[in-house]
Amino acid sequence: MTDSNALMATYAPPDILFERGEGSWLITREGDRYLDFISGIAVTAFGHEHPHLVAALKEQTDKYWHSSNMFRVEGAEKLARRLTDNSFADRVFFCNSGAEAVEAGLKMMRRYHYDRGQPHRSRIIGMHNAFHGRTIATIAAAGNPAHTKGFFEGDMGFDHVPFGDIDALQEAVTDKTAGIILEPIQGEGGIMPAPDGYLKAVRDLCSQTGTLFMVDEIQCGMGRTGKLFAHEWDQIKPDILASAKGLGGGFPIGACLATEQVSACMIVGTHGSTFGGNPLATNVGNAVLDLVLAEGFLETVYERGQYLKGALEALVTRHPDKLAGVRGRGLMLGLQTHISNTRLLDCLREAGLLTGRAGSDILRLLPPLNVSTAEIDQALTLMDTVLTDWQSG
Ligand SMILES: *Cc1c(COP(=O)(O)O)cnc(C)c1O
């Protein structure tokens, strides 16, 4: 038996211990099976124990684990090349988490202008309801008072505007602005996609003013919406992109991608990471890319997303007193509720379906990208039962 009392109380998990995973399922020692439609928050992009990912990790554990970036790492070079071949970017910096990927981008935005003789261009604009991680800089970038309270004074060089409001953004950009950071689909903030035309307008504003445009695709990227990166839907190119979560399929890895021009400031000594791009993480990352970039795979993600979205819309029609609507793209979907999203999440878990929360009234659904339609049907049956049996109050 174990207890959680030696852990800092930053989380309050329910009293369930999983012993193993199997595709879209997590299983306790007692054999209770849970359908996993949250995927460790978009991390286990191919479910649990996908044979191709397990093989990639095992292959590397038998060779060597770590050398640090004092030496070349073949898996890192290969993964960087594949990410750049398939995106706007020319260069990649590897790290171990989402927050570190954002941090690298924030530093780059400031250093870029500094190196061009404009050190006063250091302010960065973030969006209301954003989430970029839990380090000092990333909480400052998102500006959520619930996360920043008690951790620093002042604004740390960040300004904030409402997400989707191009006029407010135009107003906020000054000759002191280094860059803008946003999530193409806000995750923690409530599965909120950018309004049509917004990313294009931000791109134009940035290009006109020499401001750098950074997208945080830690949650919405890596195939989640049916494109490798979500900004591709808007046919724009950012200058910098943060990736993590699904990139490692469950193994910790983060990456900051940038164009040649912008990344040129990141020379020896400017930045680093002991574990970043380690052989274990990058071997798994390459295996994830094998699956994401397989011919026709991203189309199937989009189709499964449409299937799930349609089924959720039908559920909203059946339970209009409890559900308000569905939003999101691909397999990044939010179900807006009239009832408490926390209580709904608890009841679904008790019924055997794992989901997440986002914002104040969103139930978040992030199933594995290779979820089957039969599993989607099972999830919907569970949701329908829970909502039908719902006792108000
Ligand atoms: C999860 C997340 C992060 C932070 O990632 P960590 O690995 O927890 O540091 C940053 N941005 C977005 C959009 C995220 O969803």
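Yeah, the Cβs are placed from backbone N, Cα and C, and that goes for glycine too.
TrEMBL lists G98, A99, F131, D216, E217, I218, Q219, T274 with the feature pyridoxal 5'-phosphate binding site. In the three-state DSSP scheme, T274 (pyridoxal 5'-phosphate binding site) falls into the coil class.
If you look up TrEMBL, you'll see R134, S273 marked as N(2)-acetyl-L-ornithine binding site.
In this structure, K245 (N6-(pyridoxal phosphate)lysine) is part of a helix by DSSP. The Cβ of K245 (N6-(pyridoxal phosphate)lysine) lies under 8 Å from the Cβ of I41, A42, V43, A45, G98, I218, Q219, G221, M222, each of these being in the same chain and 6 or more residues away along the sequence. Here TrEMBL flags K245 as N6-(pyridoxal phosphate)lysine.
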Neighbour tally for I218 (pyridoxal 5'-phosphate binding site), based on other Cβ positions within 10 Å of its Cβ:
29
Going by C-beta under 8 A and a gap of 6 or more residues, the same-chain neighbours of E217 (pyridoxal 5'-phosphate binding site) are E183, P184, F229, A230, H231, L241, A242, S243
Longest CA-CA distance among G98, A99, F131, D216, E217, I218, Q219, T274, per record bound to pyridoxal 5'-phosphate, angstrom
25
Sorting the binding-site residues A99, F131, E217, I218 by sequence and keeping only those with a Cβ under 6 Å from ligand 1 gives A99, F131, I218
Would you mind listing, in sequence order, the residues at least six apart from S273 (N(2)-acetyl-L-ornithine binding site) in the same chain with a Cβ closer than 8 Å to its Cβ?
N69, F93, F94, C95, N96, E100
Looking only at the binding-site residues A99, D216, T274, R134 (N(2)-acetyl-L-ornithine binding site) has its closest CA neighbour at A99
